[in-house]
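Q: Here it is, the structure, as structure tokens.
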């Protein structure tokens, strides 16, 4: 273990009480791991808890959240997005803490006209401040089959992944005065809702309600993570690989290829938005 990893591990031990160990959750069922929080019946758990669907119509969307809160971990979920003309809809899938100074790790999938590519929107909030958007066109049809969308969150960095391919990294640069999510536990949330005022072509394309209900599907949830409860966090026995995991050269190369080919917006290159200079993290 190198010095920086040792120091981060020590800080983690001091700030997170690990008095109770638990086994990681593998492919937890939706009826035991999640609560459907809104939608008046538009969210459904099916197939003995193995499948969850969210629906949106003109009256309402729907959403769910995990029963547990996590403080660091590797979170995986398979999603199949709204097919056909999904313009104006947003499928949000994200980790978020409570309060006015919340932390958040955010996937949003912006609906499209039939035949156009989906836009995958990512963002990181720290202490209630976001404005760190990166957007991608997916290199496959995310409505034809299930694909895995993952977040790796440890003391070193946050990594967004699609089918185990890293697409974005947000590093812990607290030594530069940049806030990093490390103290506030987060739940996993997802929702399907109407955002046609901005979601598709900046709001030019509105939701076609004749195509409703719109439906997104979820399966194969996995959380290999530290579970927070009552101010204490319980972590997997042993030394979980994800806790000290960094991107190796192969993973970095894959991420650069995705960013070069499929990234359509990066706040770190938006000179109109930041005429006085980019945020400090953009240099790393």
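Cβ from N, Cα, C; glycine included.
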Q: Swiss-Prot records 121, 122, 123, 131, 132, 133, 197, 198, 202, 273 as xyloglucan-binding residues. Which of 104, 108 is assigned to the same site?
A: 108
Q: Which of the recorded positions listed here (122, 131, 268, 282) have a Cα atom within 10 Å of the Cα of residue 108 (active site, proton donor)?
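A: Correct set: 122.
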Q: Looking at the recorded positions listed here (131, 133, 282), whose Cα lies nearest to that of residue 106 (site 'Important for catalytic activity')?
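A: Minimum Cα distance from residue 106 (site 'Important for catalytic activity') across 131, 133, 282 lands on 133.
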Q: Between residue 282 (disulfide bond) and residue 273 (xyloglucan binding site), how far is it from one CA atom to the other, in Å?
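A: The separation of the Cα atoms works out to 14 Å.
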Q: Of the recorded positions 112, 122, 131, 198, which one has its Cα closest to the Cα of residue 268 (disulfide bond)?
A: 131
Q: Find the one among the recorded positions 104, 112, 226, 235 whose C-alpha lies closest to that of residue 273 (xyloglucan binding site).
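A: That would be 104, nearest by Cα distance.
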